Ligand code: FDA
């Protein structure tokens, strides 16, 4: 075992952990990052698959994500707009495809009005929720006890309107069925993104991409860290007392004044804490889980949908792939579609053989874009649930009642240990922006804390 010493040891080299380490170094403190994988970036990953460069995890940047945008500027990274010229496609419950423009799905006028009414109700509620402490909303207990599905049923008799509004939060964001999370959890998701209106506006929320891929952020941060980063070193145990911690990996023993656990909360249980974490945390961790989504890339010789006047954007709460977008790379001649399969539909897909799943998902793409979609030259699925050091996607959320019962403990330190990740961020929750925001916050708190302690 190699013994190392530093001011702060950080577990996890995702966007969160690397932001913290970079800030601490800027503040004149020493930081060591231990990372389980043999690469940095966690849920950010760019890979070349059969010659196609694909972003398998997080990729889009929206205008409200100011912490991420500032980081891109600092690192000198350029962005490009998602291709969106032309008409979008909506497929209804009979399988019939309709072209449309704007945000409002081309349902009957009655259903459109109902969707707008529900969005207005949810927007008003969202405006009352502070993303950094949703549990302090005056009606938090009531809002956290009712499922999002039950709330929609109580507020609308129109099943198609309910399915469409549920889609924006359930399949598209938390990637869990709408009956499994609370209205308060849905409102947190919306308020952390700047308002419910942003969730329903694909042009806003999926605005731009980074040239070279969003994983460039952690890769460039890691380059700055130099030998403070240790790959293929899963933290196995954290022993702690008031004055310090010892983090042990397979090859390292790192002694530090403070530690940050910068991994998604579903993985806290993989680390042996000694003494054991307080009971309230042990309980809380069991009620936070990642959602499930399969991100599918299909690459074609050309972006054929554009010739038909289509943008590549498509939605349907009734299709296996509930949303799809043009995901062609920067300056590439080939055309790439990205599609998402979430929640219980993803359960059904993962129970199929790989060949059956590919055929079923491509048929869903064909329902939007025609039979040409059935024959990509490259097809690739990333589900993240199969990744030992992630376990799902996009990020963690509480089950019913969890936000009120445990939310206030999410970011509270335990002795010298702090917790940070996009999954427990307020603003920017579930996004890279949240990872960077919570990273800056935790690093600033640690710098104050360590200076106060005269270290
Ligand atoms: P992250 O999980 O990235 O990093 C944690 C790190 O800790 C990992 O590197 C892991 O290997 C490591 N680790 C775990 N256990 C360990 C242990 N015991 N010891 C040492 N290391 C350990 N966001 C966005 O802004 N725009 C988008 O378009 C999308 N889209 C999207 C698609 C998909 C498919 C996914 C999976 C995710 C997104 N996201 C996204 C979400 C975004 O990717 C995510 O919020 C952040 O990358 C999370 O960064 P963190 O550093 O918090 O965790």
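Any Cβ shown, glycine's included, is placed from N, Cα and C.
Feature annotation from TrEMBL assigns FAD binding site to 16, 35, 36. Among the features that TrEMBL reports, substrate binding site is placed at 340. If you look up TrEMBL, you'll see 16-446 marked as domain 'Amine oxidase'.
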For the C-alpha pair, I'd like the distance in angstrom between residue 340 (substrate binding site) and residue 16 (FAD binding site), rounded off.
25
Can you give me the residues near the recorded FAD site, meaning same chain, not 16, 35, 36 themselves, Cβ no more than 8 Å from the center of the site's Cβ atoms?
10, 11, 12, 13, 14, 17, 33, 34, 37, 40, 42, 262, 263, 389
Using a 10 Å cut-off, grab the number of neighbouring Cβ atoms around the Cβ of residue 35 (FAD binding site), all chains included.
29
Give me the largest Cα to Cα distance among 16, 35, 36, the residues the record lists as binding FAD, in Å as a whole number.
15
CB contacts for the residue listed as 'substrate binding site' [other CB atoms within 10 A, all chains]:
22
Radius 10 Å, atoms counted are CB only; among the binding-site residues 16, 36, which position scores highest?
16
